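J.: Handing you this structure, nothing more for now.
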Amino acid sequence: MKRIGVLTSGGDSPGMNAAIRAVVRKAIYHGLEVYGIYHGYAGLIAGQIKKLEIGDVGDIIHRGGTMLYTARCPEFKTLEGQLKGIEQLKKHGIEGLVVIGGDGSYQGAKKLTEHGYPCVGVPGTIDNDIPGTDFTIGFDTALNTVIDAIDKIRDTATSHERTYVIEVMGRHAGDIALWAGLAGGAESILIPEADYDMDEIVSRLKRGHERGKKHSIIIVAEGVGSGVDFGKRIEEATGLETRVTVLGHVQRGGSPTAFDRVLASRLGARAVELLIEGKGGRCVGIQNNQLVDHDIIEALAQTHTVDQKMYQLSKELSI
């Protein structure tokens with residue numbers, strides 16, 4: 001293999017640039033040419049492809065977002081779109097592809113794999129919901145962003161003696177809510193993977209209020225429902241003054257943490273190694289701090305599961 005490509009797809013996550021940097025530098029170190037594909041699969045179909053040199057990835061390891069930009073691409077879900085993408089890869093002489101992104105990005109890599117095109121997936125999403133890895137690129141940074149917000153909101157919640165509902169990202173996975181809620185000392189955490197008992201939450205808030213606790217923090221993953229609606233229900237049920245903060249896309253931005261920079265560098269470099277070894281159709285990850293790789297089709301057949309013991313711990317500590 002002499003020439004590979006790299007793209008980022010779907011929602012961006014802090015650390016993607018560090019992964020791109022690792023792919024480019026690792027490939028050049030081994031004598032390969034690297035081509036950046038801009039705007040994800042949409043850019044692949046459109047032929048937005050440019051050769052990358054070492055200088056192109058200088059001064060990006062600390063930057064959030066992705067220098068290759070990203071986009072959603074419904075067209076790539078069709079056979080026609082996939083064949084257009086493969087045509088562009090062949091036109092540019094690209095023999096293997098590194099795809100950095102989440103579940104949708106992996107689905108695209110899976111399709112290319114099924115067409116016989118060598119791809120390696122690198123998990124880049126703040127949701128931490130990709131099977132086959134303990135952590136995804138961007139999760140740690142997003143987690144720290146949320147914890148910082150919780151700490152600051154708790155200051156004002158204490159001053160005004162209010163209950164605050166904080167809505168965080170996570171349509172299908174509650175890792176951000178769970179980890180941030182546990183680290184931030186939240187009184188209640190609501191995640192998509194677990195049913196919640198409104199009466200229990202209300203009782204917990206009232207018990208705390210009765211023993212002199214004048215403020216509370218509730219973390220709600222967006223997949224559970226609207227934080228605004230939940231805040232109204234809490235205020236009506238408890239009579240406690242309640243405010244709602246929806247953190248939104250601030251969770252996707254910012255300079256990646258050291259953990260995400262190192263993780264992205266390790267995973268990006270390993271993806272290149274797999275292509276050099278002729279092992280396409282794989283996805284990389286980290287488990288017990290060891291690099292691993294899995295068949296991408298088998299990985300997509302699995303379902304991410306939340307840590308139920310951690311969820312139970314969060315409930316026990318919020319009495």
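Including glycine, each Cβ sits where the backbone N, Cα and C put it.
When I checked Swiss-Prot for this same protein, it listed these features:
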type	residues	note
BINDING	G11, R72, C73, G102, D103, G104, S105	ATP binding site
BINDING	R21, A22, V23, V24, R25, R154, G185, A186, E187, R211, K213, K214, H215	ADP binding site
BINDING	D103	Mg(2+) binding site
BINDING	T125, I126, D127, R162, M169, G170, R171, E222, R243, H249, V250, Q251, R252	substrate binding site
ACT_SITE	D127	active site, proton acceptor
J.: Hey, of G11, V23, R25, G102, G185, H215, which of those binding-site residues are within 10 Å of T125 (substrate binding site), Cα to Cα?
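T.: Neighbours among binding-site residues, in sequence order: G11, G102.
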J.: Quick check on the binding-site residues: of V23, M169, V250, whose CB has the lowest count of neighbouring CB atoms inside 10 Å?
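T.: Looking at the binding-site residues V23, M169, V250, the Cβ with the fewest others within 10 Å is that of V250.
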J.: Just checking: which of V23, R171, K213, H215, R243, R252 have a Cα that is within 10 Å of the Cα of G11 (ATP binding site), counting only these binding-site residues?
T.: R252
J.: Three-state secondary structure of R243 (substrate binding site) from DSSP?
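T.: Going by the DSSP assignment, R243 (substrate binding site) falls within a strand, counted as strand.
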J.: Compute all pairwise C-alpha distances among G11, R72, C73, G102, D103, G104, S105, the residues listed as binding ATP, and give the largest one in whole angstrom.
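T.: Per the listed residues, the maximum Cα distance equals 13 Å.
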J.: Could you state the whole-number distance in Å separating the C-alpha atoms of V250 (substrate binding site) and G102 (ATP binding site)?
T.: 18
J.: Identify, in sequence order, the residues in the chain of G185 (ADP binding site) that are 6 or more apart from it along the sequence and have a CB within less than 8 Å of its CB; answer 'none' if there are none.
T.: I150, R154, I217, L317, S318
J.: Quick check for the class: what is the C-alpha distance, in angstrom and rounded, between H215 (ADP binding site) and R243 (substrate binding site)?
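T.: Here the two Cα atoms lie 11 Å apart.
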J.: For the binding-site residues listed here (R21, K213, H215, R252), which one has the lowest count of neighbouring CB atoms within 10 Å of its own CB?
T.: K213
J.: Taking the Cβ of G102 (ATP binding site) as the centre, how many other Cβ atoms fall within a 10 Å radius?
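T.: There are 23 such Cβ atoms around G102 (ATP binding site).
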J.: To which of the binding-site residues D103, D127, E187 does the lowest count of other Cβ atoms within 10 Å belong?
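T.: Comparing Cβ neighbour counts within 10 Å for the binding-site residues D103, D127, E187 gives D103.
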J.: Among R21, A22, V23, V24, R25, R154, G185, A186, E187, R211, K213, K214, H215, the annotated ADP contacts, find the widest CA pair distance and round it to a whole Å.
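T.: Site span for ADP, by Cα atoms: 58 Å.
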J.: What's the CA-CA gap between R21 (ADP binding site) and G104 (ATP binding site) in angstrom, rounded?
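T.: Taking the Cα atoms only, R21 (ADP binding site) lies 22 Å from G104 (ATP binding site).
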J.: May I ask for the distance between R72 (ATP binding site) and R25 (ADP binding site), taken between their Cα atoms and rounded to an integer number of Å?
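T.: Checking the Cα atoms of R72 (ATP binding site) and R25 (ADP binding site) gives a distance of 27 Å.
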